[in-house]
Every structure is written in C-alpha cells, then in structure tokens.
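In what follows, a single structure is set out as structure tokens and then discussed.
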Amino acid sequence: MDASIMDGKDLSTGAVSAVRNIANPVKLARLVMEKTPHCFLTGEGAGKFAAEMGIPEVAMEELITERSKKQLEKEKHGNGAERSDYPKNSAGTVGAVALDSKGNVAYATSTGGIVNKMVGRVGDSPCVGSGGYADSNIGAISTTGHGESILKVNLARLTLFHMEQGKTVEEAADLSLGYMKSKIKGLGGLILISKTGDWVAKWTSTSMPWAAAKDNKLHVGLDLGDTTITDLP
C-alpha cells in the first residue's frame with residue numbers, strides 16, 4: 001500500500017510506498033513527516049520504521065477479501081493494469097483535504113494501487129505533486145484515478161498552478177483533468193479546496209464517491225449531478 005500527507009503551512013510532507021500488513025499506511029506517512037528528516041520511505045525500510053514506531057501489523061488474510069480475489073482473477077484475463085480508462089483501478093484510493101480555522105490547509109491520500117499490478121509498482125498516491133499537494137498560500141488537493149496518467153501530468157500541482165494563475169477551483173479542476181484526458185487519455189478525479197474555503201469535487205471517470213463538510217452542512221455525491229446536502233448533527 002502507498003500513502004502520502006502534507007501540511008500546507010510549511011510544506012512538510014511524509015510518504016510511504018510498497019508497505020504491507022499495515023491497516024492505515026497514511027498514519028505511517030504522517031510519522032515519516034513528523035519523526036524523520038526524510039519525506040519518503042519505501043518497502044523494507046518503511047516496514048522497519050513502522051515497527052520502530054510501534055505501528056501494529058495486521059495479518060495478511062485480514063486484508064484480503066473474496067471480492068478482491070474475484071476482481072483480481074477477472075483482471076488477469078484482461079489488461080486492466082495497463083488501461084488508462086479503467087475507473088475501478090482507483091477503487092481503493094481514499095483522499096482528504098482540509099482547511100482549519102487558522103487558514104492552513106493539508107491533504108492526505110492512501111491507496112492499495114491498481115488491480116493486477118506488477119510487483120513493486122508504485123502509483124501517484126504517495127508522490128507529492130501527483131497524488132496530492134498542499135500550500136496554505138493556494139489550497140490543497142487529493143487525486144485519484146489512473147496513477148500512471150496522474151504521474152505524467154503531475155495532476156495535483158498542475159491544478160494548484162492554475163489556481164495560482166487566478167483560476168477558480170472549478171476552472172482549475174476542469175483544466176487539469178481536461179488536459180490529462182486530451183493529452184494522454186487518462187481518467188481520474190480530485191477533491192480541491194482553496195485557501196479561502198471554496199471547494200470542488202471533479203472527475204472524468206464514470207463516478208467518484210465524495211463528501212464535504214462546511215458550515216454545518218454535509219454534501220455527498222457519487223455520480224455527476226447527484227449531490228445530497230444534509231445538516232450535520
């Protein structure tokens with residue numbers, strides 16, 4: 001599994017890739033950010049650091065489901081890991097962005113990667129600038145979708161670049177996702193929040209489950225044009 005996290009206040013960041021037997025790799029990524037002089041740990045080194053930090057291991061069988069095994073078998077008969085237009089490739093990605101009362105932003109992204117991937121493959125989620133980015137002078141973003149496509153265009157930083165040029169969150173999201181789709185036929189999605197609290201959830205894949213909380217209102221959606229707003233308790 002792979003994960004990354006970033007504090008927009010001072011651009012502190014932590015990331016891990018190719019870690020196993022850990023229930024919440026984003027917690028390990030945060031420890032990399034807070035407890036080491038480094039930004040990124042991978043594989044055996046990340047596992048050793050997790051043990052040193054007291055992160056409990058989870059039995060491998062607890063992280064395997066029948067649904068996932070069936071999906072893997074299905075993909076083995078096709079080329080799912082090579083296709084840039086396969087929306088289910090990012091089904092295991094979870095991301096979050098936040099703006100606090102002091103005006104600071106942050107992001108976190110965590111994933112199990114694409115189905116039927118090569119051993120050692122790392123996608124966009126742990127890569128700062130692709131899987132996410134946070135700068136309190138601009139905003140914060142977390143991305144999902146076809147990792148190889150997202151890496152090629154640096155989707156997260158590209159979106160914030162458009163915001164730096166004066167684009168709204170809607171415009172910036174449309175421009176970056178549109179560029180990835182037109183340039184390399186890559187599909188994906190993102191959640192984005194500006195330093196002033198404007199936010200958007202956008203995607204070019206079939207659907208993307210998302211939720212946002214602001215001013216005691218909860219906004220949730222899955223398909224285009226499908227948004228439900230309820231009061232937070």
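Cβ atoms here come from the backbone N, Cα and C positions, even for glycine.
On a predicted model such as this, the values are computed, not experimentally measured, just so you know.
What TrEMBL says about this one:
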{"type": "ACT_SITE", "residues": "T93", "note": "active site, nucleophile"}
{"type": "BINDING", "residues": "R121, V122, G123, D124, T144, G145, H146, G147", "note": "substrate binding site"}
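Taking each of the recorded positions T93, T144 in turn and counting other Cβ atoms within 10 Å of its Cβ gives the largest count for T144. Each residue contributes its Cα atom, and for V122 (substrate binding site) and T93 (active site, nucleophile) those atoms are 13 Å apart. Counting only the Cα atoms, the space from H146 (substrate binding site) to T93 (active site, nucleophile) is about 11 angstrom. For the substrate site, whose annotated binding residues are R121, V122, G123, D124, T144, G145, H146, G147, the maximal Cα to Cα separation is 16 Å. Highest local Cβ density among the binding-site residues G123, G145, G147 belongs to G147, counted as other Cβ atoms within 10 Å over all protein chains shown. Looking at G145 (substrate binding site) and T93 (active site, nucleophile), their Cα atoms lie 8 Å from each other. Cβ-based crowding with a 10 Å cutoff singles out H146 as the top-ranked of the binding-site residues R121, H146.
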